[in-house]
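What follows is a short report on a single structure.
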């Protein structure tokens, strides 16, 4: 179990709800993933599934904690207004804060992000800021009152994995008491393992599951990957060596010669 913003959870995998082929695929993937937290955008237009249920009706059946986001916002004012609407609509003070500054790589706008985070925290929100792995930006967000950081592994939807493991490892070292969750860029289960082996608290992903050939099966794979990576970190991985080291100790006399000499 671990604590995320006051909620006791067993799964360290957070999953998005966009881009699935159908509501049925989304529901099955979320079920298979074992996640207890799903992200949703209030700017999403509701759509009917194969069985005629709306997106919102389908979400209610999942019995997960909701993490609304401010996707599509370009400045602090828009993000703050969206967060207030989300709090009213979903009855939660959680908000995944996204303020995008570039259309090419969907990189966060750092100045507006910090501004929005500070105001929202003052208004009683638990802010989950989507940010880059920049150490100074993350420090400013912590100074603003953020108890959670969600740095990217790579640009949203790129599937490139961890493009700067050193920067992420540095964040873990510098912020030992901050909840760190990788958000964006994860493309395959091995990336999730790598994240958790660095000591991160969780992984948030969407596209890697939603656009897989078999979303439900991929969700299962990510479920096990996150568990494996976390257990590897807790178990204490051996250090790398520059030279070989035999796993079986050698002695001068083979054991069968020793037996014959008895």
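Backbone N, Cα and C define each Cβ position, glycine as well.
Under the heading active site, schiff-base intermediate with DXP, Swiss-Prot lists 96, citing sequence analysis as support. A 10 Å cutoff on Cβ-Cβ distances gives residue 96 (active site, schiff-base intermediate with DXP) a total of 26 other Cβ atoms nearby, all chains included.
Annotation source Swiss-Prot lists 1-deoxy-D-xylulose 5-phosphate binding site at 157, 184, 185, 206, 207. If you take the C-beta of residue 206 (1-deoxy-D-xylulose 5-phosphate binding site) and look for same-chain residues 6 or more apart in sequence within under 8 angstroms, you find 15, 16, 17, 18, 19, 39.
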Apart from the site residues 157, 184, 185, 206, 207, the 8 Å Cβ neighbourhood of the 1-deoxy-D-xylulose 5-phosphate centroid comprises 16, 154, 155, 156, 158, 159, 186, 187, 205, 208
Quick one: give me the count of other CB atoms within 10 A of the CB of residue 185 (1-deoxy-D-xylulose 5-phosphate binding site).
-> 23
Just how many other Cβ atoms lie inside 10 Å of the Cβ on residue 184 (1-deoxy-D-xylulose 5-phosphate binding site)?
-> 27
